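Here is what TrEMBL records for this protein:
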type: DOMAIN; residues: 3-129; note: domain 'Semialdehyde dehydrogenase NAD-binding'
type: ACT_SITE; residues: C148; note: active site, acyl-thioester intermediate
type: ACT_SITE; residues: H240; note: active site, proton acceptor
Amino acid sequence: MVNVGILGATGAVGQRFVQLLADHPWFSLTTLTASERSAGKIYGSVVNWRLDSPFPDSVNDLVVSPTTVDAVKDCDIVFSALPADIATTLESEIADAGVGVFSNASSHRMASDVPLMIAEVNPEHATLIDLQRKNHNREGFIVTNPNCSTIMLATALAPLMKFPFKSIQVATLQAISGAGFDGVPAFSIYDNVIPYIGSEEEKIAREANKILGTFDGAKVTGAPFSVSASCNRVAVIDGHTLNVWIDLAATPAEVIEAFKSWQPPFSGLPTQPAKTVQYLEQADRPQPRLDRNRGNGMTVSVGRVRDGIRFVAMGHNTIRGAAGASVLNAELLHTKKYF
Ligand SMILES: NC(=O)C1=CN([C@@H]2O[C@H](COP(=O)(O)OP(=O)(O)OC[C@H]3O[C@@H](n4cnc5c(N)ncnc54)[C@H](OP(=O)(O)O)[C@@H]3O)[C@@H](O)[C@H]2O)C=CC1
Ligand SMILES: N[C@@H](CC(=O)OP(=O)(O)O)C(=O)O
(Lines of atoms letter the chains of each structure in order from A and count residues from 1; the text may use other names and numbers.)
(Lines give C-alpha, C1' and ligand atoms only; values in the text may rest on other atoms or scores of the structure.)
(Ligands and ions follow the chains in the order given, each with its own letter.)
Protein backbone atom coordinates (compact mmCIF):
# COMPACT_ATOMS: atom_id res chain seq x y z
CA MET A 1 0.00 0.00 0.00
CA VAL A 2 1.04 3.61 -0.61
CA ASN A 3 1.05 5.80 2.52
CA VAL A 4 -0.86 9.01 1.88
CA GLY A 5 -1.61 12.21 3.75
CA ILE A 6 -4.18 14.95 3.26
CA LEU A 7 -3.17 18.59 3.86
CA GLY A 8 -6.18 20.68 4.90
CA ALA A 9 -8.25 17.59 5.72
CA THR A 10 -11.05 19.45 7.51
CA GLY A 11 -12.10 21.73 4.62
CA ALA A 12 -14.53 21.34 1.71
CA VAL A 13 -11.99 19.64 -0.55
CA GLY A 14 -10.16 17.94 2.34
CA GLN A 15 -13.35 16.16 3.43
CA ARG A 16 -13.88 14.93 -0.14
CA PHE A 17 -10.36 13.51 -0.06
CA VAL A 18 -11.16 11.72 3.20
CA GLN A 19 -14.36 10.34 1.67
CA LEU A 20 -12.52 9.06 -1.45
CA LEU A 21 -9.43 7.71 0.34
CA ALA A 22 -10.88 6.14 3.51
CA ASP A 23 -11.43 2.85 1.68
CA HIS A 24 -9.09 3.12 -1.31
CA PRO A 25 -7.69 -0.15 -2.73
CA TRP A 26 -4.12 1.19 -3.27
CA PHE A 27 -3.74 4.17 -0.92
CA SER A 28 -3.64 3.95 2.86
CA LEU A 29 -4.62 7.11 4.72
CA THR A 30 -2.04 7.65 7.45
CA THR A 31 -1.84 11.42 8.02
CA LEU A 32 -4.38 14.25 8.20
CA THR A 33 -3.28 17.84 8.69
CA ALA A 34 -5.08 21.13 9.27
CA SER A 35 -4.48 24.52 10.90
CA GLU A 36 -3.23 25.11 14.45
CA ARG A 37 -6.91 25.36 15.42
CA SER A 38 -7.34 21.62 14.76
CA ALA A 39 -3.85 20.17 15.27
CA GLY A 40 -3.36 17.71 18.12
CA LYS A 41 -7.05 16.78 18.28
CA ILE A 42 -8.83 13.61 17.17
CA TYR A 43 -10.12 14.09 13.58
CA GLY A 44 -13.61 12.85 14.51
CA SER A 45 -13.85 15.46 17.27
CA VAL A 46 -12.62 18.42 15.27
CA VAL A 47 -14.07 17.95 11.80
CA ASN A 48 -17.48 19.43 11.07
CA TRP A 49 -18.47 16.67 8.60
CA ARG A 50 -20.70 18.32 6.01
CA LEU A 51 -20.88 15.71 3.25
CA ASP A 52 -24.08 13.76 2.66
CA SER A 53 -22.21 10.44 2.85
CA PRO A 54 -21.65 8.78 6.24
CA PHE A 55 -18.52 9.84 8.16
CA PRO A 56 -15.92 7.06 7.64
CA ASP A 57 -15.29 5.47 11.06
CA SER A 58 -11.79 4.35 10.03
CA VAL A 59 -10.49 7.96 10.26
CA ASN A 60 -12.30 8.92 13.45
CA ASP A 61 -9.34 8.37 15.78
CA LEU A 62 -6.53 9.76 13.61
CA VAL A 63 -4.85 12.65 15.41
CA VAL A 64 -4.74 15.79 13.24
CA SER A 65 -1.16 16.94 12.62
CA PRO A 66 0.01 20.50 12.14
CA THR A 67 0.62 21.27 8.47
CA THR A 68 4.41 20.96 8.38
CA VAL A 69 7.01 19.10 6.34
CA ASP A 70 7.87 17.02 9.39
CA ALA A 71 4.29 15.78 9.77
CA VAL A 72 4.25 14.21 6.29
CA LYS A 73 7.84 13.06 5.84
CA ASP A 74 6.83 9.39 6.17
CA CYS A 75 4.11 9.67 3.50
CA ASP A 76 4.82 8.52 -0.06
CA ILE A 77 2.43 11.17 -1.41
CA VAL A 78 0.16 13.90 -0.05
CA PHE A 79 -3.02 15.44 -1.41
CA SER A 80 -3.12 19.17 -0.77
CA ALA A 81 -6.37 21.04 -0.08
CA LEU A 82 -4.65 24.05 1.45
CA PRO A 83 -5.40 27.71 0.84
CA ALA A 84 -3.04 28.92 -1.91
CA ASP A 85 -1.13 31.35 0.32
CA ILE A 86 -0.14 28.48 2.64
CA ALA A 87 0.48 26.03 -0.22
CA THR A 88 3.05 28.09 -2.13
CA THR A 89 6.07 27.53 0.11
CA LEU A 90 4.93 24.44 1.95
CA GLU A 91 4.20 22.28 -1.12
CA SER A 92 7.67 23.08 -2.52
CA GLU A 93 9.31 22.17 0.78
CA ILE A 94 7.38 18.89 0.95
CA ALA A 95 8.39 17.99 -2.62
CA ASP A 96 12.00 18.90 -1.75
CA ALA A 97 11.74 16.49 1.20
CA GLY A 98 11.06 13.63 -1.24
CA VAL A 99 7.26 13.42 -1.08
CA GLY A 100 4.94 13.58 -4.12
CA VAL A 101 2.38 16.39 -3.83
CA PHE A 102 -0.96 16.30 -5.67
CA SER A 103 -2.27 19.82 -5.21
CA ASN A 104 -5.59 21.56 -5.62
CA ALA A 105 -4.16 24.96 -4.79
CA SER A 106 -3.47 27.45 -7.58
CA SER A 107 0.07 28.31 -6.40
CA HIS A 108 2.16 26.19 -8.79
CA ARG A 109 -0.28 25.54 -11.65
CA MET A 110 1.41 27.76 -14.22
CA ALA A 111 5.04 26.84 -13.44
CA SER A 112 6.59 25.57 -16.65
CA ASP A 113 7.89 22.33 -15.08
CA VAL A 114 4.70 21.48 -13.12
CA PRO A 115 2.05 19.31 -14.78
CA LEU A 116 -1.41 20.96 -14.77
CA MET A 117 -3.17 17.71 -15.34
CA ILE A 118 -6.58 16.21 -15.99
CA ALA A 119 -5.77 12.49 -16.13
CA GLU A 120 -7.98 11.64 -19.12
CA VAL A 121 -7.22 14.84 -21.07
CA ASN A 122 -3.46 15.54 -20.93
CA PRO A 123 -1.78 12.60 -19.15
CA GLU A 124 1.36 13.06 -21.28
CA HIS A 125 2.14 16.26 -19.31
CA ALA A 126 3.16 13.99 -16.41
CA THR A 127 6.63 13.71 -17.95
CA LEU A 128 7.25 17.31 -16.82
CA ILE A 129 7.95 15.67 -13.46
CA ASP A 130 11.31 14.45 -14.81
CA LEU A 131 12.26 18.02 -15.71
CA GLN A 132 10.98 19.35 -12.38
CA ARG A 133 13.04 16.81 -10.44
CA LYS A 134 16.11 17.86 -12.37
CA ASN A 135 15.44 21.61 -12.09
CA HIS A 136 14.87 21.45 -8.33
CA ASN A 137 17.19 18.56 -7.55
CA ARG A 138 14.32 16.88 -5.72
CA GLU A 139 13.07 13.29 -5.35
CA GLY A 140 9.51 14.40 -4.73
CA PHE A 141 7.35 16.38 -7.13
CA ILE A 142 4.32 18.64 -7.45
CA VAL A 143 1.43 17.80 -9.78
CA THR A 144 -1.48 20.25 -9.86
CA ASN A 145 -5.17 20.09 -10.58
CA PRO A 146 -6.68 22.87 -12.64
CA ASN A 147 -9.25 25.25 -11.20
CA CYS A 148 -12.63 23.50 -10.83
CA SER A 149 -14.45 25.46 -13.59
CA THR A 150 -11.46 24.93 -15.88
CA ILE A 151 -11.65 21.17 -15.34
CA MET A 152 -15.26 21.14 -16.59
CA LEU A 153 -14.39 23.31 -19.59
CA ALA A 154 -11.20 21.52 -20.66
CA THR A 155 -12.75 18.06 -20.21
CA ALA A 156 -15.76 19.02 -22.33
CA LEU A 157 -13.42 20.48 -24.97
CA ALA A 158 -11.21 17.36 -25.18
CA PRO A 159 -13.54 15.57 -27.64
CA LEU A 160 -13.78 18.75 -29.76
CA MET A 161 -10.06 19.42 -30.22
CA LYS A 162 -10.13 17.71 -33.65
CA PHE A 163 -12.26 20.60 -35.02
CA PRO A 164 -10.68 24.00 -35.73
CA PHE A 165 -11.69 26.95 -33.51
CA LYS A 166 -10.21 30.25 -32.35
CA SER A 167 -12.32 31.56 -29.50
CA ILE A 168 -14.47 30.44 -26.62
CA GLN A 169 -16.89 32.42 -24.51
CA VAL A 170 -18.04 30.84 -21.28
CA ALA A 171 -20.45 31.94 -18.56
CA THR A 172 -20.25 29.94 -15.33
CA LEU A 173 -22.83 29.25 -12.61
CA GLN A 174 -20.69 28.07 -9.71
CA ALA A 175 -21.75 26.25 -6.55
CA ILE A 176 -21.15 27.73 -3.10
CA SER A 177 -18.96 24.78 -2.03
CA GLY A 178 -16.40 26.13 -4.52
CA ALA A 179 -15.64 28.95 -2.12
CA GLY A 180 -14.84 26.58 0.78
CA PHE A 181 -16.98 26.01 3.85
CA ASP A 182 -16.60 29.53 5.15
CA GLY A 183 -16.48 31.22 1.77
CA VAL A 184 -19.99 32.56 1.10
CA PRO A 185 -22.35 33.61 3.92
CA ALA A 186 -25.94 32.36 3.56
CA PHE A 187 -27.17 35.95 3.78
CA SER A 188 -25.19 36.86 0.65
CA ILE A 189 -26.17 33.94 -1.58
CA TYR A 190 -29.74 33.00 -0.62
CA ASP A 191 -32.22 34.43 -3.17
CA ASN A 192 -29.26 35.78 -5.09
CA VAL A 193 -26.59 35.51 -7.81
CA ILE A 194 -23.17 37.08 -7.27
CA PRO A 195 -21.63 38.00 -10.64
CA TYR A 196 -18.01 37.99 -9.46
CA ILE A 197 -15.51 35.35 -8.30
CA GLY A 198 -12.07 36.83 -7.69
CA SER A 199 -9.40 35.83 -10.26
CA GLU A 200 -11.59 33.00 -11.61
CA GLU A 201 -12.00 34.42 -15.13
CA GLU A 202 -8.26 34.88 -15.60
CA LYS A 203 -7.54 31.38 -14.25
CA ILE A 204 -10.00 29.73 -16.65
CA ALA A 205 -8.37 31.45 -19.64
CA ARG A 206 -4.73 30.74 -18.83
CA GLU A 207 -5.22 27.23 -17.43
CA ALA A 208 -7.34 26.01 -20.39
CA ASN A 209 -4.56 27.20 -22.72
CA LYS A 210 -1.92 25.25 -20.81
CA ILE A 211 -3.93 22.02 -20.47
CA LEU A 212 -4.93 21.93 -24.14
CA GLY A 213 -1.65 23.32 -25.45
CA THR A 214 0.95 21.51 -27.54
CA PHE A 215 3.48 19.45 -25.59
CA ASP A 216 6.85 18.48 -27.08
CA GLY A 217 7.95 16.32 -24.17
CA ALA A 218 9.68 19.18 -22.34
CA LYS A 219 7.60 22.33 -22.85
CA VAL A 220 3.93 23.23 -23.18
CA THR A 221 3.09 25.83 -25.82
CA GLY A 222 -0.27 27.41 -25.02
CA ALA A 223 -3.22 26.46 -27.23
CA PRO A 224 -3.94 29.01 -29.98
CA PHE A 225 -7.44 29.97 -28.84
CA SER A 226 -8.74 32.76 -26.63
CA VAL A 227 -11.10 32.20 -23.70
CA SER A 228 -13.41 34.95 -22.46
CA ALA A 229 -15.07 33.96 -19.18
CA SER A 230 -17.78 35.52 -17.04
CA CYS A 231 -18.18 33.89 -13.62
CA ASN A 232 -21.18 33.81 -11.29
CA ARG A 233 -21.81 32.31 -7.85
CA VAL A 234 -25.29 30.74 -7.59
CA ALA A 235 -27.29 29.18 -4.75
CA VAL A 236 -26.35 25.56 -5.56
CA ILE A 237 -24.47 23.44 -2.99
CA ASP A 238 -22.33 21.33 -5.39
CA GLY A 239 -21.93 21.35 -9.17
CA HIS A 240 -20.51 23.99 -11.52
CA THR A 241 -22.52 24.63 -14.72
CA LEU A 242 -20.92 26.27 -17.77
CA ASN A 243 -22.66 27.84 -20.78
CA VAL A 244 -20.16 27.65 -23.63
CA TRP A 245 -20.04 29.44 -27.00
CA ILE A 246 -17.32 28.29 -29.41
CA ASP A 247 -16.66 29.22 -33.07
CA LEU A 248 -16.21 25.58 -34.01
CA ALA A 249 -16.03 24.48 -37.66
CA ALA A 250 -18.53 21.65 -37.11
CA THR A 251 -22.29 21.07 -37.11
CA PRO A 252 -24.24 20.33 -33.91
CA ALA A 253 -24.65 16.72 -35.11
CA GLU A 254 -20.88 16.35 -35.50
CA VAL A 255 -20.31 17.83 -32.03
CA ILE A 256 -22.82 15.44 -30.46
CA GLU A 257 -21.17 12.51 -32.21
CA ALA A 258 -17.76 13.68 -30.95
CA PHE A 259 -19.08 13.86 -27.37
CA LYS A 260 -20.63 10.39 -27.65
CA SER A 261 -17.66 8.63 -29.21
CA TRP A 262 -14.72 10.19 -27.33
CA GLN A 263 -12.72 7.79 -25.14
CA PRO A 264 -9.95 8.66 -22.71
CA PRO A 265 -6.54 7.10 -23.44
CA PHE A 266 -6.72 4.56 -20.55
CA SER A 267 -9.35 2.74 -18.52
CA GLY A 268 -9.87 0.72 -15.37
CA LEU A 269 -8.38 2.94 -12.64
CA PRO A 270 -10.27 2.80 -9.31
CA THR A 271 -11.57 6.40 -9.37
CA GLN A 272 -12.12 6.58 -13.12
CA PRO A 273 -15.77 6.82 -14.19
CA ALA A 274 -17.17 4.58 -16.91
CA LYS A 275 -17.80 7.77 -18.89
CA THR A 276 -15.61 10.85 -18.46
CA VAL A 277 -17.88 12.87 -20.78
CA GLN A 278 -21.56 11.98 -20.89
CA TYR A 279 -23.82 13.53 -23.53
CA LEU A 280 -27.40 13.97 -22.28
CA GLU A 281 -30.19 14.04 -24.88
CA GLN A 282 -32.86 15.77 -22.77
CA ALA A 283 -33.53 19.42 -23.65
CA ASP A 284 -33.29 20.57 -20.03
CA ARG A 285 -30.08 18.77 -18.95
CA PRO A 286 -27.48 18.74 -17.48
CA GLN A 287 -28.67 20.06 -14.11
CA PRO A 288 -26.47 20.10 -10.97
CA ARG A 289 -28.95 18.47 -8.59
CA LEU A 290 -29.81 15.66 -11.01
CA ASP A 291 -26.49 15.03 -12.76
CA ARG A 292 -23.59 15.96 -10.43
CA ASN A 293 -23.27 12.43 -8.99
CA ARG A 294 -22.92 10.66 -12.33
CA GLY A 295 -19.84 8.41 -12.34
CA ASN A 296 -19.57 8.88 -8.56
CA GLY A 297 -19.13 12.60 -9.18
CA MET A 298 -16.37 12.10 -11.79
CA THR A 299 -18.40 12.49 -15.00
CA VAL A 300 -18.67 15.81 -16.84
CA SER A 301 -22.18 15.95 -18.32
CA VAL A 302 -22.76 17.88 -21.54
CA GLY A 303 -25.92 18.76 -23.43
CA ARG A 304 -27.97 21.42 -25.22
CA VAL A 305 -25.72 21.41 -28.29
CA ARG A 306 -27.00 24.05 -30.70
CA ASP A 307 -25.86 26.11 -33.65
CA GLY A 308 -23.17 28.55 -32.83
CA ILE A 309 -21.76 26.17 -31.45
CA ARG A 310 -23.39 26.50 -28.04
CA PHE A 311 -23.52 23.83 -25.35
CA VAL A 312 -23.80 23.31 -21.57
CA ALA A 313 -21.28 21.41 -19.41
CA MET A 314 -21.66 20.54 -15.73
CA GLY A 315 -19.70 18.57 -13.15
CA HIS A 316 -19.25 18.10 -9.41
CA ASN A 317 -16.80 20.81 -8.34
CA THR A 318 -15.32 19.20 -5.22
CA ILE A 319 -15.07 15.71 -6.79
CA ARG A 320 -14.41 16.00 -10.56
CA GLY A 321 -13.24 19.57 -10.03
CA ALA A 322 -10.96 18.87 -7.08
CA ALA A 323 -10.41 15.80 -4.86
CA GLY A 324 -11.55 13.08 -7.28
CA ALA A 325 -9.48 14.52 -10.14
CA SER A 326 -6.42 14.62 -7.88
CA VAL A 327 -6.87 11.01 -6.72
CA LEU A 328 -7.25 9.89 -10.35
CA ASN A 329 -4.03 11.76 -11.26
CA ALA A 330 -2.28 9.88 -8.45
CA GLU A 331 -3.68 6.52 -9.55
CA LEU A 332 -2.43 7.12 -13.08
CA LEU A 333 1.04 8.20 -11.94
CA HIS A 334 1.25 5.19 -9.63
CA THR A 335 0.70 2.91 -12.63
CA LYS A 336 3.50 4.83 -14.37
CA LYS A 337 5.82 4.22 -11.38
CA TYR A 338 6.36 7.86 -10.39
CA PHE A 339 6.08 6.72 -6.75
N1 LIG B 1 -13.80 24.05 -3.11
C2 LIG B 1 -13.53 23.74 -4.39
O3 LIG B 1 -14.44 23.38 -5.17
C4 LIG B 1 -12.14 23.85 -4.91
C5 LIG B 1 -11.09 24.30 -4.12
N6 LIG B 1 -9.82 24.36 -4.67
C7 LIG B 1 -8.69 24.79 -3.86
O8 LIG B 1 -8.45 23.83 -2.82
C9 LIG B 1 -7.94 24.46 -1.65
C10 LIG B 1 -8.84 24.16 -0.46
O11 LIG B 1 -10.13 24.72 -0.69
P12 LIG B 1 -11.37 24.42 0.27
O13 LIG B 1 -11.36 23.04 0.76
O14 LIG B 1 -12.53 24.89 -0.52
O15 LIG B 1 -11.08 25.41 1.53
P16 LIG B 1 -11.65 25.36 3.01
O17 LIG B 1 -11.56 26.76 3.50
O18 LIG B 1 -12.96 24.67 3.07
O19 LIG B 1 -10.55 24.47 3.81
C20 LIG B 1 -9.26 24.93 4.10
C21 LIG B 1 -8.43 23.86 4.80
O22 LIG B 1 -7.12 24.36 5.01
C23 LIG B 1 -6.81 24.38 6.43
N24 LIG B 1 -6.07 25.60 6.74
C25 LIG B 1 -6.52 26.87 6.74
N26 LIG B 1 -5.54 27.73 7.11
C27 LIG B 1 -4.47 26.97 7.38
C28 LIG B 1 -3.15 27.25 7.85
N29 LIG B 1 -2.75 28.50 8.12
N30 LIG B 1 -2.28 26.23 8.01
C31 LIG B 1 -2.67 24.97 7.75
N32 LIG B 1 -3.90 24.62 7.32
C33 LIG B 1 -4.79 25.62 7.14
C34 LIG B 1 -8.15 24.35 7.13
O35 LIG B 1 -7.99 23.78 8.43
P36 LIG B 1 -8.88 24.23 9.72
O37 LIG B 1 -10.22 23.55 9.58
O38 LIG B 1 -8.09 23.72 10.88
O39 LIG B 1 -8.99 25.71 9.67
C40 LIG B 1 -8.96 23.44 6.18
O41 LIG B 1 -8.64 22.11 6.41
C42 LIG B 1 -7.83 25.95 -2.00
O43 LIG B 1 -6.54 26.25 -2.47
C44 LIG B 1 -8.86 26.10 -3.11
O45 LIG B 1 -8.59 27.24 -3.91
C46 LIG B 1 -9.61 23.96 -5.94
C47 LIG B 1 -10.62 23.52 -6.74
C48 LIG B 1 -11.96 23.44 -6.28
N1 LIG C 1 -12.65 29.53 -7.23
C2 LIG C 1 -13.36 28.25 -7.35
C3 LIG C 1 -12.75 27.22 -6.46
C4 LIG C 1 -11.29 27.38 -6.24
O5 LIG C 1 -10.87 27.41 -5.13
O6 LIG C 1 -10.55 27.53 -7.32
P7 LIG C 1 -8.98 27.83 -7.34
O8 LIG C 1 -8.31 26.68 -6.69
O9 LIG C 1 -8.63 28.01 -8.75
O10 LIG C 1 -8.79 29.10 -6.51
C11 LIG C 1 -14.81 28.49 -7.00
O12 LIG C 1 -15.01 29.49 -6.36
O13 LIG C 1 -15.68 27.74 -7.32
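In case you wondered, yes, glycine gets a Cβ from its N, Cα and C as well.
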Tell me whether the residue listed as 'active site, proton acceptor' sits in a helix, a strand or coil according to DSSP. strand
Residues in the domain 'Semialdehyde dehydrogenase NAD-binding' (3-129) grouped by DSSP into helix, strand and remaining coil: 41 helix, 26 strand, 60 coil
